[in-house]
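In what follows, a structure is listed as structure tokens, so that the remarks can point back to it.
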């Protein structure tokens, strides 16, 4: 067999290495490649298009696209108006704030966002987190002005954090919210949100401020004297109607407009019923009079000092991460369906600036909602103009239609919320986790039960902690396998995986499948020593050969640190004491360079023990025999 020589990697300066590493860490998509070799005018145009994606599709916009966007914009507006009012109440904010948040943020996103299908507005999970965290220290009933100030300030911090992640190219931070964590978290939050609506669905006046399941159910059954049969009847009727329309649209996607228009239809019908029969005088609570007009400025309400600064910063951080994760996931989902690209970092900047602007215009945390985006996609949206149409529709509502909502019953808003969040309980995804990865399933359960029995933020923290623990276990206990040969071939694979693979007498071939660093070097030392001892015992029992070579297959060792270098040096000493040779196969350039620098005495990086493949190493060393032990 021809043996190929392993050559040293080309020399690169420290500055060049640092530049490459930073580029791959923060700019893996290489956003500047579109400017290379272009005239200055083209560079300026592309820079403007990169910052403002609306400039990419606006010059080619046509009346045909406008028709599709108008239809989809009006459709999602019919869903956004009742949901905006409902989610604001979920966040313990005045209902009008939900409509404000469906007016300004979509306009900002239409200019800065890169998704064609993302429909922007308040979402249930962020509303729940915002309301529950702020209510721990400030009562929205006893001090509504301070509560509103803290909500706007939290929105500012959420937007600042989101935009900073995009500008600094740190979007990988949100990847710590794994799929298992999100499935459990969303499911648990959906249960909590639904249970919270029992207050409206049953007509209860005195209700617990806590969010976990035990206090909520306790509050429900301790106040049975407050249950209103009129409210229950109306709530059950409209809830069944909304669930039926949702089921119909899921079974027949072409009838998406049925579930999209059902919430607004429910609001209109229920409001007429309450007004005609004066049901507000018979135990059915209503929203009451809402303020007319566009968003008032709120920059003077932002609180950057005082005892609540830590609270709003923490609330903004958590709601920012959760809403950003949801928005980007939704955008990428529909981009994949329609075969176009969504830039994650640009989305972070767009959503972040949208919330910063929103905090100064009486809006609370907004992002791309899955339910509205699905309706937007099904309605045939072509560009972000659908968000503009929705925003204009909300504007008209704010200016002229607010008196119509005065008699809207709270029970219908509760039914709308339940119908919206029930889709967050993803049982098929949970079953898939069980089939694929039991540990991920455990993480999902911890997130789910943590949210239900503890709190939203504690459940999320537990799930993230378990995910990080799994990641640390993979780093500190890397996979390392013994390799054997397929007889008659040059193929070497895991002995415990392939029964036909056979161990080569006189050789111990190990494959290290991770970087070697301070976190795992001690484990690798102990594991390797045990394998050497076990292999020596097997060789002694067979009495036909001695263990002569320890071959390390290093194709998967992407890096080493000083602890990793020490591991290899100590391993060389151990093998030397046992009259064995340490052989390296296919060390990558960075690893090889560091080992060569550490091998000042040329003890363990000798060229006769460096090979490109395991087959070449075995073939070459088998012919040379034990004489190499004395080289």
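Just so you know, glycine gets a Cβ as well, placed from its N, Cα and C.
The list of residues near the transmembrane segment (93-111) in space but at least 6 beyond its ends in sequence, with Cβ under 8 angstroms from a Cβ of it, reads 52-54, 80-81, 83-87, 118-122, 131, 140, 144, 147-148, 151, 287, 290-291, 294-295, 350-351, 353-355, 357-358, 361-364, 366, 384-385, 387-388, 390-391, 394-395, 397-398, 402, 405. Taken from TrEMBL, the feature transmembrane segment applies to 93-111 (among others).
Non-local neighbours of the transmembrane segment (146-168) in the same chain are 26, 91-94, 97, 130, 134-135, 138-140, 174, 298, 301-304, 308, 311-313, 315-317, 319-321, 323-324, 344-360, 362-365; each lies 6+ residues outside the stretch with a CB under 8 Å from one of its CB atoms. Taken from TrEMBL, the feature transmembrane segment applies to 146-168 (among others).
Residues annotated as transmembrane segment in TrEMBL: 180-207 (among others).
According to TrEMBL, the feature transmembrane segment maps to 227-244 (among others). Sequence-distant contacts of the transmembrane segment (227-244), counting only residues of its own chain at least 6 positions beyond either end whose CB sits under 8 Å from a CB of the stretch, comprise 200-204, 259, 262-263, 266, 270, 273, 279, 282-285, 409, 411-412, 414-416, 418-419, 422.
The annotation transmembrane segment is assigned in TrEMBL to 256-277 (among others).
Residues or ranges marked as transmembrane segment in TrEMBL: 348-371 (among others).
Below 8 angstroms of C-beta separation, residues 53-54, 57, 61, 65-66, 69-70, 72-74, 76-77, 80-81, 84-85, 95-96, 99-100, 102-104, 106-107, 109-110, 113, 115-116, 118-120, 267, 271, 287, 289-295, 376 of the same chain, each at least six residues beyond the ends of the transmembrane segment (383-405), sit close to that stretch. Feature annotation from TrEMBL assigns transmembrane segment to 383-405 (among others).
The transmembrane segment annotation in TrEMBL covers 411-429 (among others). Below 8 angstroms of C-beta separation, residues 82-83, 85-87, 89-90, 124-125, 179, 183, 186-187, 189-191, 193-194, 197-201, 203, 231, 234-235, 238-239, 242-243, 246, 263, 266-267, 270, 284-285, 287, 370-371 of the same chain, each at least six residues beyond the ends of the transmembrane segment (411-429), sit close to that stretch.
What TrEMBL lists as transmembrane segment is 441-469 (among others).
Summarising the annotation, TrEMBL assigns domain 'STAS' to 497-621.
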